[in-house]
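Peer 1: So TrEMBL lists the following for this protein:
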- A:12-30: transmembrane segment (TRANSMEM)
- A:36-158: domain 'Cytochrome c assembly protein' (DOMAIN)
- A:42-61: transmembrane segment (TRANSMEM)
- A:81-102: transmembrane segment (TRANSMEM)
- A:114-134: transmembrane segment (TRANSMEM)
- A:146-163: transmembrane segment (TRANSMEM)
- A:190-207: transmembrane segment (TRANSMEM)
Amino acid sequence: METLKKHYWKGAGMILLVYTMYMGFLGHVPRQPILNETVRNLYFHVTMWFSMIALLGVSVYHSIQYLRKSDPMHDLKSNAYVITGLVFATLGLLTGSIWAKFTWGDWWTNDPKLNSVAIGMLIYLAYGLVRSSLPDEQQKARISSVYNIFAFIIFMVLIWILPRMTDSLHPGNGGNPGFNSMDLDNRMRMVFYPAILGWMSLGFWYAQLRIRIRKIEVSLEEKEEA
Amino acid sequence: MFKMLQEIKVLFQKELQLEWRQKYAVHGLLLYLASTIFVCYLSFKARQESISPITWNALFWIILLFIAINAIGKSFTQESAQRGLFYYTLVKPESVIYSKILYNSLLMLGISLVGIIMYSWVMGNPVGNMTLYIIALVLGAVGFASTLSLVGGIAAQAENTSTLMAVLSFPIIIPLLLFLLKLSKSAMDGISISENWDEISVLASLDIIVVVLSGILFPYIWRH
């Protein structure tokens, strides 16, 4: 019973993802000019960004906790969530690139959201560099927590405020209607919301696996030193 | 609170005195500024006679960005670690970062103003609304100073400070730079201040966020 309580969300997430896959590729979608069948990408592209923001948010939570309590476990978790967030950002960029090719006509368009995300990836790659350039474990944890919190807030400004002030091809920006007003009809909603939950649970599962691997590595290192 | 203001004042005076005693640092920055501007003049204006306003604007902000990284990056490395420890026993870390931000803001503001005069001298001045442009420069100086002071504090912890400074600060300063480019572009087109209220308030709040965040986060960097 304990294990079921602890792990049921993984199974639920996977069921949701199977449902997303099935409905995403075979379910009914409204036909719209330009978008046509590519609107199915809504379940695979937009959900990646939701998951990424959730993962990075949790990572910031652990960074704050690290600064408050100096428990190395929080730093380990925070780092794992950042890496998972980056994986999802990469997937988001790839799915977005495919979508852009078939609707806007190019793999990469000069769009504030695309540029913002590219900058965001640079910010987080610099985070990796900070970590690797500091040899001392405690110092590494402290400095990278500080940088993570700072980077997250700048990143949020970048992706939430900036695209709203400039013209963007994305829905909901620069005078374009959002998906809500365009008929994201109820049948799509029935797939879209479960898809968000499904991808998020996949992300958190992935992050937890990373955390567990790191924990084992750390304990092995400690054993070797002893 | 009053004690902290006192500390900030003393530390700020210390920064000024240090700079006054070793004038070569400021002289170096000014020379850097002058030579970069002249190189830009030689490679753009002298060859093509005219330069489009967008290029003019972008070029100026890039010059400022590079100078800011150079000027502020050194603010934590020019003093020895022992002296850092000495300050640590005397004052609050918040006072240290706020005094640095204050000093660096004024330094950047001075450099921006000298820069815009030199730059207009050789490259011409297509700015339509100079007041708005100056506002952008002020907001830029404060934003650059506060962001780069914190990043400088982070980079000073590692060994390869200058590389880390560049890698860390470039991506993190881009959002600020994009807002600044947008605002100064409006200034170049001669749009009035009241029509740019949105951009000004977003920039001002971004500055405030960064200053406050630096104040909160810096003590953790400093704690050895």
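Placement of Cβ uses the backbone N, Cα and C atoms for every residue, glycine included.
All TrEMBL annotations are machine predictions without curation.
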Peer 1: Which residues, given as numbers and ranges, are at least 6 beyond the ends of the transmembrane segment (A:190-207) yet have a Cβ under 8 Å from it?
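Peer 2: Those are 9-10, 12-14, 16-17, 19-20, 23-24, 27, 42-44, 46-48, 50-52, 54-55, 58, 77, 80-81, 83-85, 87-88, 184, in sequence order.
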Peer 1: Can you give me the average pLDDT across the domain 'Cytochrome c assembly protein' (A:36-158), rounded to a whole number?
Peer 2: 87
Peer 1: With Cβ distances under 8 Å as the criterion, find the stretch in A:12-30, A:42-61, A:114-134, A:146-163 that has the most pairs with the transmembrane segment (A:81-102).
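Peer 2: If we count Cβ pairs closer than 8 Å to the transmembrane segment (A:81-102), A:42-61 scores highest.
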Peer 1: By DSSP assignment, list the helix, strand and coil residue numbers for the domain 'Cytochrome c assembly protein' (A:36-158), in that order.
Peer 2: 108 helix, 0 strand, 15 coil
Peer 1: If we call contact 3 or more Cβ pairs under 8 Å (sequence gap 6 or more), are the transmembrane segment (A:146-163) and the transmembrane segment (A:12-30) touching?
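Peer 2: Counting Cβ pairs under 8 Å (6 or more apart in sequence), the transmembrane segment (A:146-163) does not reach the transmembrane segment (A:12-30), since there are fewer than 3.
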